[in-house]
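*Asks:* The region 'Ribokinase' annotation in Swiss-Prot covers 1-319. The ATP binding site annotation in Swiss-Prot covers Asn195, Met196, Ser197, Glu198, and the record cites sequence analysis as its basis. The active site annotation in Swiss-Prot covers Asp264, and the record cites sequence analysis as its basis. What Swiss-Prot records for 345-476 is region 'Cytidylyltransferase'.
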Amino acid sequence: MKVSLPAFEKAKVLVVGDVMLDRYWVGPTGRISPEAPVPVVKINQVEDRPGGAANVALNIATLGGQVQLAGLVGEDDTAKALTLGVQALGVEPQWLKIADKPTITKLRVLSRNQQLIRLDFEESFDKQDSARLLKQSEALLDSVDVVVLSDYAKGAIDKPQDFIALARAKGVKVLVDPKGSDFSRYHGASLITPNMSEFEAVVGAVTSEADLLEKARGLLNKHQFDAILVTRSEKGMTLVTANAPELHIPTVAREVYDVTGAGDTVISALATSLAAGAELPQACAIANTAAGVVVGKLGTSTVSRIELIEALALHHGESGFGVVSEDQLAYALEQAKLRGERVVMTNGCFDILHAGHVSYLKQAKALGDRLIVAVNDDASVKRLKGEGRPVNQVDRRMAVLAGLAAVDWVVPFSEDTPQRIIARLLPDLLVKGGDYKIEDIAGGAEVIAAGGQVQVLGFEDGISTTAIIQNIMAKQ
């Protein structure tokens, strides 16, 4: 997906929540234990990674953001290992140390890239510990633009309503990765990011898309949230806000190896993007892409800016793009505009695709973020070009166009001109190749009336479908 990244280095974020150490024991399995019907793992690798709220902070730091981290830890060696882990990426933690509690540890045993078992070492922190942590964190609010509350229901985030209210009063956005069935604890938050299971634990089973939207808007009104982003695994994400249409973002993950930390990645990318000045739809698209990267890795992982740029480029051609119907395109276009993308549209027969076409389409795409190509169907090509045309049927012409890197959507139309479909879609920019006058371009008046632009691009001299056909026939 083509989404421009904001200046992450300008982002100032505070992460408060349940920190933990993710510990991995890794090795091969070659036999079954004689003591019980379980595999024997010969450990040859041990690795510690910051997890929970600490993983959120590391994700923000890896993207280039400035981050402060506050959490509860014990006075133990695990806390020391966790401190070293976050300091390695330049994060200086603000721990509140609790003498009689252990630092939370999740130990995973893996073999052949598969998790065999997880062992948890933890005790929930007391309510007064959470109150002290949140009070300590209030002093950091004046130095940040966004706060993330990373709640794993381990006791760090007990009753954060006063903290949320204070942050909002200071103009600081508050993002919450929620836990449990009581979202009233996060009353007044800017955005919450439940996964589908967490969402249904609060609102009940979701029976349809309309039901999801209705229940999400009910939560918005009840708890005074600005927005809810429901993460939906293979169905992507759905953003619901009070005063705008919903935004559905399809998943971008190609292979899923491990979902550990995917929720952390979503909220960290959201927080970094918003703190850097991105609008919410753009931030959601960035977060969705980041999540698609991290689930392709093993264990708790972070996503770098370079990985994110590469993933955004690779996302072209994913679900929702390519050859589409007019209705599908109308919906996709609505979603693109909600993400703040500039949409360019052109049209033509494209009977035999040649170098001139490719050059022209690259020029058109360079003028925006998305390119629509409307293609004359076979009957309209025959009316325009005469007997013997088209050489290639419309489905083949569209398939070739959809394979070009410059093209996002290809849609057929049956009229002699694309005026009707252009008037329906109303792109930000309508382009046409050749020596047309702007006032003569079909659909141009409608685009201009809607606040868009019309532009004429030049074709490469000496290259045309007609000339290619004549050259082929001359050689027969």
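Cβ atoms here come from the backbone N, Cα and C positions, even for glycine.
Context for these features, please: burial, neighbours, distances.
*Replies:* Around Asn195 (ATP binding site), a 10 Å sphere centred on its CB holds 20 further CB atoms from the protein chains shown. Secondary structure at Asn195 (ATP binding site), as computed by DSSP, is strand.
Following the DSSP three-state reduction, the secondary structure of Asp264 (active site) is helix. Cβ neighbour count for Asp264 (active site) (all protein chains, 10 Å cutoff from its Cβ): 31.
Confidence in the region 'Cytidylyltransferase' (345-476), given as mean pLDDT, stands at 87.
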*Asks:* Whose Cβ, among the binding-site residues Met196, Ser197, Glu198, has more other Cβ atoms within 10 Å than any of the rest?
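*Replies:* Per the Cβ count, the most surrounded site is Glu198.
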*Asks:* Can you name every residue in this chain, apart from Asn195, Met196, Ser197, Glu198, with its Cβ inside 8 Å of the center of the Cβ atoms of the recorded ATP site?
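*Replies:* Here the nearby residues are Pro194, Phe199, Glu200, Ala201, Val230, Thr231.
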*Asks:* When the region 'Cytidylyltransferase' (345-476) is classified with DSSP, how many of its residues are helical, how many are strand and how many are coil?
*Replies:* 54 helix, 26 strand, 52 coil
